[in-house]
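Feature annotations, courtesy of Swiss-Prot:
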type	residues	note
BINDING	Gly164, Glu179, Lys180, Ser190	alpha-D-glucose 1-phosphate binding site
Amino acid sequence: MKNEMLALILAGGQGTRLGKLTQSIAKPAVQFGGRYRIIDFALSNCANSGIHNVGVITQYQPLALNSHIGNGSSWGLDGINSGVSILQPYSASEGNRWFEGTSHAIYQNIDYIDSINPEYVLILSGDHIYKMDYDDMLQSHKDNNASLTVAVLDVPLKEASRFGIMNTDANNRIVEFEEKPENPKSTKASMGIYIFDWQRLRNMLVAAEKSNVDMSDFGKNVIPNYLESGESVYAYDFAGYWKDVGTVESLWEANMEYISPENALDSRNRRWKIYSRNLISPPNFISENSHVEDSLVVDGCFVDGTVKHSILSTGAQVKKGAVIEDSVIMSGAVIGKDAKIKRAIIGEGAIISDGVEIDGTEEVYVVGYNEKVGVPKDED
């Protein structure tokens, strides 16, 4: 049976610019907003868009991500005619190797894609924060009779050189693609979201492999090849909230923006929910000595200090006299008595000892996964 569209989420990135936060886990597995992981947004978009089959392509430190996704039940993707498949690099008889680029990861999973037999493939990044109706993008792809549709976001001209830029005609057909141009002609930036007619993409990738032609990356190789070959390539304009959280600063900013009840992600919209795998936790405890304002406090937290404009993730502890401002405290982290935390991201399971002061005023301060700060070595 032919399926209309298969989603493939590229989730193998190391995320080196996130420093300590990705030393032990892949970037898409990093926590966000108190109860989510970054990949939840792409998975939830798929579920809300009516996409029933999703392949998650992993590579770097995949264990936490694999455990989080499980069988896809948290996103309603565990039905008879639906499912989530974790796709990791493997060695085949031809000596296949680690994924060498975004489109090379697709090539290495041709057998899986063929088993789903889709008419279209939707390529997604697993490390962006946004809500998007992929079904609307697919309808645009069909209406234009396109071979490839690229989701684009209008960015300020001064930032355009950071992105792949699409130059389009009056009908939004892409006539030129420039990868991070010094002098951009347009402000339509690629979001790294693509819809391809599967057979056309498949034929191109197979032919390139046989001819030893480099087609390992969508931005550097595939899109330019499509344009040079005269394929119909169109832009799909996206006007909603979208955040690339590839740096510590941008991840911190996105979390701070999320605190607002009227945040641009519209997190309380019941018609487009963001789903996640959430383990059952005990109720919060907020002591009579505590003071909490303008903050998100998730299940299982213990608060006996002061929390201002911050996020406390599942099971975080803030002990007596501690003060937390403009910070993200991830799951299971413990902030000791009289500690002072300002403008920081404290990783999962981290321990901040009593009286420690952390000030990220000049640059967002990061404490890594299970890191201990101020704990004597004999107690480490």
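Backbone N, Cα and C atoms are what each Cβ position is placed from, and that goes for glycine too.
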Remaining residues near the recorded alpha-D-glucose 1-phosphate site, that is with C-beta within 8 Å of the centroid of the site residues Gly164, Glu179, Lys180, Ser190: Phe163, Ile165, Phe177, Glu178, Pro181, Ala189, Gly219
Maximal Cα-Cα distance (Å) across residues annotated as binding alpha-D-glucose 1-phosphate, namely Gly164, Glu179, Lys180, Ser190: 10
DSSP-derived structure type at Lys180 (alpha-D-glucose 1-phosphate binding site), helix or strand or else coil: coil
Neighbouring C-beta atoms (10 Å sphere around the C-beta of Glu179 (alpha-D-glucose 1-phosphate binding site)): 13
Close in space, distant in sequence - Gly164 (alpha-D-glucose 1-phosphate binding site), Cβ under 8 Å, 6 or more apart: Phe177, Glu178, Glu179, Lys180, Ala189, Ser190, Gly219, Ile223
